[in-house]
Ligand SMILES: N[C@@H](CCC(=O)N[C@@H](CS)C(=O)NCC(=O)O)C(=O)O
């Protein structure tokens, strides 16, 4: 990979979007060097980002808010990547964003270079930072949420340690869901939205809606049995991973990424019920969803898709009430 990555160029010469794999893949573990300790780790996230959103939800579900700190970047991403907000911006146009707390960095990429001065990958959120060793432990959300699930269990209250979003007995079923939900839904919206040629766009958008139709059928069966979750009627990582895409779907992906064959709120009653249940009934989901950051980020950070950076007002509301 070239060191001169073009941050705002997403598609290849065939017009297809190929997501690069994350580079930092270490683990928090008792065996070290990143051993589980309170106040040693810090998450850098964007409220806009569905991958970072997974880590924010899991941090709350596992009772880790007093153990792992968080810094939310400004929603705007330009050719230099994510940036940290000023104090003033954090109170006004990028509410709840904060300046970088440990080094006073202006840009997320400075953290990547602190961890590895020769880094050549993309500068993505989430970043799980080790304050003691001053380096990135991991920047892959699917792995970070599994670490949060298990590695702090000895230092959190029993009621949180007992919560298991990746239970051994259901791992096969969970992986089966991940195997189609990740490529066709979570990453599917990006592959449709970042395509720069008609054919790959149509392929991806068709696959995406095939998977949403499939999901609707599965959730109908679950709802017929009065079950609200996808695996064993308990909250698992499948729900967390799906929610962060579904909650962005109508407000952003539908128009900005041209995923507009159907809308969740009008065309998928069971997905819609599932989404609203998670959002309105579980504060880990509702309180970590920031529609302002979400809508502003996508519509004002992709000039190749939306050159004037105008953020559409609708759909209103961003999410429908639990009982419309
Ligand atoms: N595989 C990564 C993907 C993270 C990712 O792509 N994050 C996006 C924001 S939604 C990002 O930071 N993109 C910046 C860039 O690619 O330059 C994960 O799941 O953690």
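Note that Cβ sites are derived from N, Cα and C of the backbone, with glycine treated the same way.
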Per TrEMBL, member of 82, 180 binding glutathione alongside 122, 123, 124, 125, 140, 141: 82
Annotated recorded positions 124, 140, 141, 190, filtered by Cβ under 6 Å to ligand 1: 124, 140, 141
Where residue 298 (site 'Lowers pKa of active site Cys') sits in the secondary structure, as DSSP reduces it to three classes: helix
Pairwise CA distance, residue 298 (site 'Lowers pKa of active site Cys') versus residue 49 (active site, nucleophile), rounded so that it is a whole Å: 9
Alpha-carbon distance [residue 141 (glutathione binding site); residue 253 (site 'Lowers pKa of active site Cys')] in Å: 20
